[in-house]
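Step one of this worksheet: look at the structure below.
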Amino acid sequence: MSNEAKCPFNHTAGSGTSNRDWWPKQLRVDLLAQHSSKSNPMGEDFDYAEAFKSLDLAAVKADLAKVMTDSQDWWPADFGHYGPLFVRMAWHSAGTYRIGDGRGGAGRGQQRFAPLNSWPDNVNLDKARRLLWPVKQKYGNKISWADLLILTGNVALETMGFKTFGFAGGRADVWEPDLDVYWGTESTWLGGDDRYGKGKGSSSQGEIPADAHRHGQEQARTAPAGRNLENPLAAVQMGLIYVNPEGPEGNPDPLAAAHDIRETFARMAMDDEETVALIAGGHTFGKTHGAGDAKHVGREPEGEDMDSQGLGWKSSFGSGVGGDTISSGLEVTWTQTPAQWSNYFFENLFKYEWELTKSPAGAHQWVAKGADAVIPHAHGGAPLLPTMLTTDLSLRFDPAYEKISRRFLEHPEQFADAFARAWFKLTHRDLGPRSRYLGPEVPAEELIWQDPLPQAEGAQIDAADVAALKAKVLGSGLSVPELVATAWASASTFRGGDMRGGANGARIRLAPQKDWAANQPAQLAKVLKTLEGIQSAFNQGGKKVSLADLIVLAGSAAVEKAAQDAGVAVAVPFRAGRVDASQEQTDAASFAPLEPIVDGFRNFQKQRYAVRGEDMLIDKAQQLTLSAPEMTVLVGGLRVLGNNVGGSTKGMFTDRVGVLSNDFFVNLLDMATEWKSTSPAQEEFEGRDRKTGAVKWAGTRVDLVFGSNAVLRALAEVYASADAKEKFVKDFVAAWVKVMELDRFDLK
C-alpha cells in the first residue's frame, strides 16, 4: 500500500461536492464578501494613499529605467530593451476595462491573479512582472503592484524617446481575484461562440442585454450578420484583451477586423482617433512572437506544476527564449526602430502593398511586397522584411481609420499628442475622478472623461445651517418617498469598478440623468424645482449650499422623519462639501452606460431580461460596494419608504408607507401568508392569506429572494425579529450614509 493510501485524511477544507455543483444557479451572495479584511495582509490601519505620498517617485523611475536595458539570460530582452514588453504589460493591465459596467482595468492589479494571469493574450507577461520584482521588493508597500505596472509602462515609453502625458498613482492592491467580473461563458480559451450567440448576437448569459448600452450603438447597427457582441464584454474571444489580430475568427480581412476593433475599443470608451493612436503607438515598439508551433508551449501559470513557481508557458522550441520565443504565434516587427519612438508605423503602412503570408507558427500575417529587409532582428540575426497584422491593415483600409492614419502620417506631432493622451486615458480610465490622483506627475489639464467637478468655494454649511435646511425641506410639501427617491437616484449611480457616478456634482439635474426612466423625470423635476427654491433662498444669506449637498441632505431629513414616525429617534450623519457640475463638464454619451436599466433597490426593470432579477440585485449591490447585510437592510428599508419607480407597490409589505419600519421583513416571513407566482416566468408573485385566500401583498423576485434564499433569509430574520426595531433603523442609516458618500473621495 502506498504512503498516499495510508494517509488518514481523505478530505481537506473546501474539497468535495460543493453547493454550486448541486445547484449551479445558486445566488452568488458571496460576491458581496470579496476583498474583506480577512484577505488583506496590510491591516485596517494601512492607508495606501499616505504610503504612496512618501514614495520617491523619481527614484523608482530611475530604478525602472535601469531594468529596461538590464537583459536577463532567463528572459532576454528583445532589441536589448524590455520597454516593448512592459508597454504590453501595462496596456493589458488597463485594457480589460469596459465602460458598460465599469469593471476590469488596472485599478486593482488583477493581472497578478486568475484568470487574467493565464489568459492566452497575456502569454509571457508573467516574465514581465518577475522582472519587476526587485523594484517592487525594494519599495515595498509604498507602491502597489497596480500602480507599478502602469508606472513601468510610462517609464518604458519615456526611455524609448516618447514624452508621456503624465502619471497618477492611487491604485490600491487587492489580494485575491475579482469574482464579480463577467468575462463570458465560453469554456475553452479563445472561444467566441457564446458571446456572439453562434451567429445570433445572443445576450442571454450576460449581466445586461446587447442593446442595453448606447455606447457604440451606431456601430452595432452596421455590424456584419451575426457579429453582435454580447454586452458588457469588450473582447471578441475568451482570453483576448480586444480582437483577434489575425482577423475575426482568424479570417484575415482588414475591413471585417475594423468592425471588431471599433466595437471593442468603443466599449473601452475610445473613439476612432484614440483607437488609431493607441494601435499605431503601441505597435511602434517591439514585436510579436511566433518562432514555432504552439504545440511546443506548455501550460499557463495557473495550470503549471508547483516547481514552476507561478510561471507558465514553458517552451520546448529551441532555447524557448529570445529568438525562439512563442507567444501569440504571430511573428511581426512593425518598425525599423522597435525600441525608439518614430513615425515608421504609418510610413510603412502606406509605403508598401501587403501580401498575405503565415508566421512560422502558422498564423495569418502580412509582408511588404518588394521591400528591402530593413527591419532589425530582435536578437542579432539577419534583417527582416516589414510585416503587419491584419488589424494593423484595418487602419489603412477602413475609410474612417484611413483618414486619421494619413493625418498622423503627415503630422507626426499630432500622432504623438494623440497617443500620449490616449495612453493616459487607457491607463487611468478606471482610477476615478482627479481627486483620487496622487503624485507629482498628475497633469494639470482637466479632461472631460474624468467627469470633472468645480472647486468648492466659500465656507461649508454648519450644524445650524443643516438643521435649518432640514426644516425647510420637511416643510416644503415634498413627501418622504419623493425625497428618498431623489437622493437614492442621485447617489446610487456610483460604480465601484471605475469609481464613477454618485451624488457629487448633482448630475441628476443634467442630461442624460434627468431623463432616465428609473429617475421618474416628472417627479424628479418637481423635487428639484422645490429644492432649487430652497437653495436659492438660503444662498441669499451669504453662505452657499450646493444642490448636490441639498439633495442628499433632503433625503437624510426624510429618513430621520421616517424613523421618528416609526418611534426611533435617529440623526442621519451628514457631511457637506459636494459641488454642482455643469452640463459642459458632463459628457452625456459617457454617462449613458451608467443608466440603471435595472435597480432592485427601486424594484425597477426597464424591460424584461433573461438574467434573473436577484442576480442583477447582487450585481448592483456589488457595484455599490455593499455587504450582504447592507444590501438586505437597504432593500427592506427602501421598500417601506416607497422608493419604487412609477407608483408600483410591489414589495411594499406595509400599510404605513413612508415609515421606516421593519414591516417588509415581518410580513415577508409571516407564515400566515402563502406566496404564488402570477406569471409563467415567475417574475411576479402574490401573497395570500392562508385561511381566507385574500390577496395581502404583491412582490417580485427581488422581494421574495429574501425569503427563498437561505443566506438572505437568515439576514432577513435578524431584521424581522421582535427586538430588531432599533437595530434595523440604525443599520439602515449606516448603509444609507455609506451610499450617499461613496464618491466622497475627499473624505477618505
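Any Cβ shown, glycine's included, is placed from N, Cα and C.
Listed in Swiss-Prot:
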- R88: site 'Transition state stabilizer' (SITE)
- H92: active site, proton acceptor (ACT_SITE)
- 194-223: region 'Disordered' (REGION)
- H283: heme b binding site (BINDING)
- 288-310: region 'Disordered' (REGION)
- 290-301: compositional bias 'Basic and acidic residues' (COMPBIAS)
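Positions of the features from Swiss-Prot, shown on the structure.
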residue : record                             : Cβ within 10 Å
R88     : site 'Transition state stabilizer' : 24
H92     : active site, proton acceptor       : 21
H283    : heme b binding site                : 24
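Counting same-chain residues at least six beyond the ends of the region 'Disordered' (288-310), those with a Cβ under 8 angstroms from any Cβ of the stretch are 114-115, 117-120, 123-124, 126, 245, 316-318, 320, 323-333, 359-363, 389. Taking H, G and I as helix, E and B as strand and the rest as coil, DSSP gives the compositional bias 'Basic and acidic residues' (290-301) the counts 4 helix, 2 strand, 6 coil.
On the backbone, the CA of H283 (heme b binding site) and the CA of R88 (site 'Transition state stabilizer') stand 10 Å apart.
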